[in-house]
Each structure stands twice: as C-alpha cells, then as structure tokens.
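Annotated region 'Disordered' per TrEMBL: B:21-77, in sequence order. If you look up TrEMBL, you'll see B:22-32 marked as compositional bias 'Polar residues'. Taken from TrEMBL, the feature compositional bias 'Acidic residues' applies to B:43-55. Feature annotation from TrEMBL assigns repeat 'WD' to B:138-179, B:189-230, B:231-272, B:314-354, B:361-393.
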Amino acid sequence: MESASESENDASSEILSEDESSNELESDVETDSSDETTEEKPPRRPLISDKVAGTRTKQMSLQELIQMRDRIGTKQFNEQVLKTEKNTKKKFKQADFKRENKNRPQELSSKARVPKIREIIHVPREQRTNRDPRFDNLCGTEYDEELFDKRYSFLENIREREMKSLKQQLVKNKSKASDDQGKLKYLITRMEQQNSAKKDRMAKREALRQWKKEERTKVEQGIKKPFFLKKSDKKKMLMQMQYEQRKEKGTLNKLEARKEKKKKSKESRIMPYQRRTTAT
Amino acid sequence: MRNQPCLKTIVMVLLRTKKRTSAGNDFSQVEQQKAPKRKLKEFDDEISSGSEDGDLPPPVKDLPDSSDEDETAQEKKMRLTKKYLEQLQTVHAKDDSDNEKDVVGDILKEDVLEKAGRLQRKIADLCVQPSEDNITRLRGHKLSVTCLAVSASKGVLFTASKDCSINKWCLNTHKKLFTVKGTKPKPNQKAHSAHVLSLALTTDFKFLASAGKDKIILVWNPDTMEYVHTFRGHRNTISGVAFRLNSTQLFSSSHDRTVKVWDVGIMSYVETLYGHQESVEACDSLTRERCVSCGGRDRSARIWKIVEESQLVYHGHTGSIDCIRYINEEYMISGSDDGSICIWSIMKKKPIVIIRDAHKDEKKNNWISSVAALPNSDLLATGSSNGLIRLWKCSDKFLQLLPLFDISACGFVNDLRFTDKGNHLIAAIGQEHKLGRWWSIKSARNSTMIIPLKQNI
C-alpha cells in the first residue's frame, strides 16, 4: 500500500520531468489515429493536464507550471495542483499539539509565519513593568521653571544668533516680495514676543524671590513668624511692581495716566496748601 | 545454532523499525525504482569492497520477484529480511568460524539501535592525544576558512572560506585538487560572490551544496566540481546547509528566520518552515526526515518534523546558540556564545547536561564557534578561540560529559568534522570568527587541520 502511493508520487514526478517529449508524441499519435479511423485507440499515457485541478492551471504551459512549482514548493504543488494521494500517515493539522508530560518539548506548527512585531526574548509577566510617566517618580517631579531655565540657559545664545541671522535675511530679501518674507516676519515677531514674555516671567520671579529673601531674613532675626503670600496677594504685589516700573519709564497708557492724574488732584484737594507741591 | 531464538526477535524488531522508517522519500528507494534489475552478486561485491564495521548494504526492498501480488506486504518484508540475513551471514561466515561471537547478531543489534537513535559506540576510550608532527595543516585560502565537508570513503575534503572560494583536497596526499574562485555578483553567477558559510555533501557523493552571505545555494558535482544548479529563495545570509543522510533532501537555515527544504533530485524548492524568532545560525540532519536548527538571539533549538509539519522547541541556553549537531537520532549537542555547551535529549525541553565556561581563558569566556560529534558514538569535539580544540567523552546514556584531552589550535575554530569512523578530526581554522570581524588573531594561520585520533584497537 505504501509502495503504491510512493509509485504514484514517483509517476507524477516522472510525468513532470518527461512531459515535453510526451506532449509532442501524444499529438502525433492522435493525428495518426484520426487519419486511420480505427476502432481501437492506442492506450493513452496520462497527461499532466488530466491530473491538474482547476481550469487556470490546466491552461498553463509546462514552463509556467514549473515556475509555479519553484515558487510555491513541490509539497504544496503536489497537494493542490496535482492532487496526488496523500501518504498512509494522513497529515492532520492539529490546532494545538498536546504533549504527554511537562518535561517534553513544546510542539508547534511549522507553517505559522512569524510576524515582524514579535517576542524574541520572553519576559515573564511578573517582571513586565507598565509605567505611566505622569505618575512615575523616575520621570521627573513637577515642572520647575527656574530649574528648567537654568539647565537650558545655553540655548539663549543660540536664540540670539538665530534672531540676528533671521533679521539679516529679512534685510537681504527686502527687494523680493514673496511668501517667505511673510514667514520670516512672522518668525521674527514670534521670537521677539517670546523673548519679552520670558523677560517678564523672569522679572516676576525675581520680585518674588526678593520678597522671600526679606521675609527669611526677618524670620531669622526673630521679628516675624514665617509668612506665606496668598495667590491674590502675590498678584497684587506683582501688579504694583509693574505699575511702578512703567511709571518710572513713563509708559503708562492713557487710562492709567488719567487715573493717576485724578488721584493726584483728589489727594491735593485734601492736602493742606503748604504741602501740596511737596506731595507730588 | 544456539543464537537462533534471539536472532528471530531481532528480525521481528527489524521488521517493525524498517516499516516505521520506510515512509517518506528514502533516497535508496528512489534509486532502486530506477534500476530494478540488480542481481544479488552485485550486492555481495558492494558489501565486500565497503567497510567491515557494520556499514549497511542498501535495504533489499525492491528486488524483482515473480510472486509480488500473491503475498501481503508483511510476507514480502519477511522474505526480504530473510534474504538480508542470509547475505550478512555469508559475508561474515569466516568471522563466525574464528571466534564464538555472534557477529551477525551484533550487527543487527546495532542496526536496530541506530534506527531507534540510541546507538552509542564506545570510541572515545580508544582515542589518543596526537603529537604535533602528526597533525597536517593545509594552507590554501587567503582569508579565514569558514566551513568544511569531508567524505572519508572517497578520501576527499572540501573547504570554503571568506574569500568566496571553495577548495577540494585529497585526504591521503594532502594536495589541493581543485579550486572554485569567487566572482563578482552577477545575475547568473556560477560561483559565490560573498563569504561562503556552509558546505554539505550527499552520502552517495553525488552533490555538494555551498551557501553563504550571497543568499544563494550553489549545487556542484563533487567529482568534477562542475556547477549544477542554483537555489534562490532565501532573503538573507544562509548560515547553514545540511543534507539528510541517504537522501536528496537539503535543509538550509538562514538569517531571514526561516528553514527551507529543497530536493536536489528534482532540483526544486519543497517548502519553508517558520518558527524561529531571530536569525537561524546552524542546522543539521541525520537519517530521519527531520532537521534540527538553532536560533541565534532567540536562544532556542528547534527540531522540525517535516512530515507532520510541526516543530519541537528546546530552551535552556542563556546566550545565542551558534552551532548544533546531532550525536544520534535522539541526542544533540549545541554550543553558544556564553561559552556553554549543552547536550539535549529530544524527549526533554531542557538540556540534560550543561557545561559552562567550556573554553574560558584569562581574558574572557570565549564563544563556542563550532561543535562536532561522531555520529552514533560517544566522542564529541568543541572549538573556540582560546587556542584549544577540546575532545569530550559522553558517559553511558549521555548523563555526563567528561573532557578527554585538548589539541592546540591557534585561531578561531570555525568548523569541526569527524571522519566516518572517527579516525580523523578535521578543523577549519581562521584568523576571524566566521560571522564577522569582532576580533582578529594575527598569530593564527588560515588553514585546515587534519588531526589523527589514533585508535588502539
């Protein structure tokens, strides 16, 4: 029984290898027989097209069939195209192979392709750590602006240089009116605004630091207990500081200037005559 | 005949084992079907000219007989094995008369064990450390020699190296017989254009396969070193090729994580086996329709069962496994880049023997670059870059691995092979590791060492 199946396999492979010559012979024989019109036909050797399944493969030439066989492999080719009988040991595709005891090696299918995203080295579940960077100590504490600025203070020089080069470019390309000019201008204004915003922030920080310093010295001297500003108080203090700065510079806007004037006039009304000029 | 009853039992076991291994494309069967009219006399000639140590004549399956259809398969097998027994007895008739031993019975016992995969000939005890003058070095390659294939019966050795060339040497005269030089990469190249990493020979000395970094397998005629065929299909470096014994099946393992099966008889590709998670570093095969391959970074060794389309997975190494060989059908040895050697049984998922720091020297724990095993015996050899080839002996049932002696070999031992009976060990030595240039040992010579292991019989 085994030898029968093997001989059939070999017969099919023989057919594959010798088919070219046999095809030509077949055609000759058939024409001869049709000419003679005899009753009995000579025994026909089985053609590859008889065994080939499906109309598409039947129409393929031998060359194409051989190319297909080289591409998909003889095993698959024999199974699907030639539909040869399987071995007595029937090939069963087990979904999972059961092993007899735990010490035996694991058995898997050898036809399952390994995906690109694959596990190369197995890490057991206990060792696998899933970390959320928002709540992880290792991913840094809360954002400290002062520290950040200190650490990346080297970028200030680079920013200055970039501003300079951008301005130069702007001047160079002044003659060409194009989209790039608009972009350049936008960039430059952006950088300047960022700069000024940064300066403001730093000034605010400085003021707060000064206040804290004074408080600390007072506490050390024993005059006061430690005192912490409320948020609203902080804001007030900073606004006050800014206002005073602008007053010195003379850059108060119209509203503020009028208010200032009104305040002065009110105060001067209450003030006795002799002190009016000195009060300003 | 006092041994008649035990002979009978042996014959019955033989019948059962013959039946088990007859499924699948046995090369010998294909041969017989093409040449059915062989006479008994030719068989006798073949037996006498061959070796005396139990080299089997091809199985007497398909001799022409008149009454084929009348008897069942079982009866046919009975008749054939009886004939086989008669042949053995006629050949060894003179031996029988000399001593009282049952030589035929011993041969049959060995047959059975071999087929079952549990044969272990005691050869290690007969080996003796060779002296320096007995070791021959063949120098003929410009760059590191990476692999070799040997056929002791024909007295021929093939070596290939990083300079893309393949050399053919005569084992007896130590002369170079032929060279196939490398070429530049061309569409229909008939030689290699990049490092050749592996060589394999069929048992009947009809085909030689070579493969390497240029992703093709070239098939040659070993007698004339004529180019025969190219196998294309792999998408990355091919790290190992191995022929199945007594057949035309070729297995190739590659860095594209696949193992491919080819048939050299019909010169075509058969199928691809998937499963390794990282590049496959080596493969080996014995008589069964199976192939063992070892993965690199995924630290696994896998046995591929071709017929059942399944794989068995073995874990146990802590570093990348670089080389693996069958000892017999049920045991294998592997070496890895953390310096450890493992012996595996195919029944256990973990190795049965682990030897760590096998080739350690003052500087570091050297990578095991090659292992070799004399099939169906207890002699093993391992090679690394610490300047020594170490020979080991397996204890009974492979429970222990004991070092025998060392042979000094300066350089990277890229490949090791025993000749059929274990008379010689052949080593491919290079200045660099076969896979890359992490180190370069300048004091080493790119050569092939033929080391005689004198057997005091």
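All positions are counted from 1 along the displayed chain.
Just so it is clear, glycine is given a Cβ too, placed from its N, Cα and C backbone atoms.
As a summary of secondary structure, the repeat 'WD' (B:314-354) carries 0 helix, 23 strand, 18 coil according to DSSP. According to DSSP, the secondary structure content of the repeat 'WD' (B:361-393) in residues is 0 helix, 17 strand, 16 coil. Mean pLDDT for the repeat 'WD' (B:189-230) in the predicted structure: 95. The list of residues near the repeat 'WD' (B:314-354) in space but at least 6 beyond its ends in sequence, with Cβ under 8 angstroms from a Cβ of it, reads 114-120, 281-288, 292-297, 299-303, 360, 365-373, 375-377, 380, 382, 384, 392, 394, 398-401. Helix, strand and coil residue tallies for the repeat 'WD' (B:189-230), in that order: 0 helix, 21 strand, 21 coil [DSSP]. Per-class residue totals from DSSP over the repeat 'WD' (B:231-272), listed helix then strand then coil: 0 helix, 24 strand, 18 coil.
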